[in-house]
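K.L.:
Supplied in structure tokens, the structure appears directly below.
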Amino acid sequence: MAVSSIRNPFLLLLLLLTFFTAIIVPATPQPCNSYKFPNKVNYAACKDLPVLESSLHWNYHPSSGAIDVAFNKANVNDSSWVAWAINPTSKGMLGSQAFVAVYRSDGSIKAYTSPITSYATMLQEGNLSFPVYGVSASYTNRHVIIFASFQLPGNTTLVNHAWQEGLVSDDGTLRPHSFSRANLQSFGTLDFLSGKVSQTGGNVDSRITLRKVHGILNTISWGILMPIGVILARYLKVFDGLGPTWFHLHRACQSLAFFIGIAGFGTGLYIGNHYGVHNAPHRCVGITLLCLAIIQVCVAVFLRPKKDHKYRMFWNIFHYLVGYSIIALAIWNVWKGFEILNAQNIWKKTYVGSIISLAIIAMVLEVITWTWVCIKKRVKNPENHVEIVIS
């Protein structure tokens, strides 16, 4: 009886520790060869892919050069799309032949093929460049599985492949995938015969570094220096004692911002052309900003009339409109860039704080300059005093 009373507490403690360990310790993903498909299909080979909690399973038929593939994506959120693709021509995004599955929160799932011919693709349905014998998809326990049977292009077993995931909007539109490190590393080469899978994303670190450099250059140039240059021009020229100093400061600040902005634009072009990383709205606004800046510089250098010229007023209106348009678009595009980079909140808050600080400074200077202008007008045009002489 005494022994039983001693053992029971220890047994209870052991059970409690086992229970809490099972809850606290995260479950490790199952290896691909232990996964049981709901349709009881068995695959001769499989590989766990290095990112995005994915695995690839296949049966290769050497006599016909055909392949049966099952792409398994775990931990899929509601209303998501999943894609696996091979690229017969290159290692980039363009030319990829994709198998896509779209899962919606109502439980429906759709599978189809999509050739990727543009960086702005929305994964539209279309025929691939090689014969496809069948494509389907299933959703079970947060696993989306794409089943596909197709003819290997060029009768080669070594292919470039890529895989991705993204969210689906309420209206059914497929949203672009994230630009996180995992999403940028989800490509490589695969040999269906030997089963060798290699990740060709060794240049991902340099790509991420370039994207950070691109973001820093554009934030400093378009997002900070440009607004500062406008503030210098607007609020310093009213003080007569400064003379043309305001103009030299304005020109120096805007010129520096312009050349740094060109460097930032160049890094963006390089990233897009060499790595296939594009965001259509961000890119379009960036091109618009550069075009407006070039127009502004050319008009300021070659077409600026003298102060007493009759067309000076129209030049000023154009100069102000283009300048303030650049500032508004620049702030929006910098913020869009932070979203694309998945920047930490500290960077977003720092930039927002900088813009708010510049806005407060501008408002204070607005009051000061208007006060100063009113004082100057009173000094130049004093009221007529009437002397009354009493004899």
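Glycine is no exception: its Cβ is also placed from the backbone N, Cα and C atoms.
Keep in mind that TrEMBL annotations are predicted by a computer and have not been checked by a curator.
Take a look at what TrEMBL says about it:
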- 1-29: signal peptide (SIGNAL)
- 52-166: domain 'DOMON' (DOMAIN)
- 173-374: domain 'Cytochrome b561' (DOMAIN)
- H214, H250, H282, H319: heme b binding site (BINDING)
- 216-236: transmembrane segment (TRANSMEM)
- 256-273: transmembrane segment (TRANSMEM)
- 285-303: transmembrane segment (TRANSMEM)
- 315-335: transmembrane segment (TRANSMEM)
- 355-375: transmembrane segment (TRANSMEM)
K.L.:
Which stretch from 216-236, 285-303, 315-335, 355-375 shares the most C-beta pairs under 8 Å with the transmembrane segment (256-273)?
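P.N.:
Answer is 216-236, with the largest number of Cβ pairs below 8 Å.
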K.L.:
I need the most crowded of these binding-site residues: H214, H319. Count other C-beta atoms within 10 angstroms of each C-beta and give me the top one.
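P.N.:
For the binding-site residues H214, H319, the Cβ with the most other Cβ atoms within 10 Å is H214.
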K.L.:
Suppose I define contact as three or more CB-CB distances under 8 A, residues 6 or more apart in sequence; do the transmembrane segment (355-375) and the transmembrane segment (285-303) meet it?
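P.N.:
Since fewer than 3 Cβ pairs under 8 Å link them, the transmembrane segment (355-375) and the transmembrane segment (285-303) do not come into contact.
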K.L.:
Express the predicted model's confidence over the domain 'DOMON' (52-166) as a mean pLDDT, rounded to an integer.
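P.N.:
The answer is 89, the mean pLDDT of the model over that range.
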K.L.:
Including all protein chains displayed, how many Cβ atoms other than that of H250 (heme b binding site) lie within 10 Å of its Cβ?
P.N.:
20
K.L.:
Within 10 Å of the Cβ of H282 (heme b binding site), how many other Cβ atoms can you find? Include all protein chains, please.
P.N.:
18
K.L.:
On the DSSP side of things, how many residues of the domain 'DOMON' (52-166) fall into helix, strand and coil, could you say?
P.N.:
3 helix, 65 strand, 47 coil
K.L.:
Let me make sure I understand the span of the heme b site: among H214, H250, H282, H319, what is the greatest distance between any two Cα atoms, in Å?
P.N.:
27
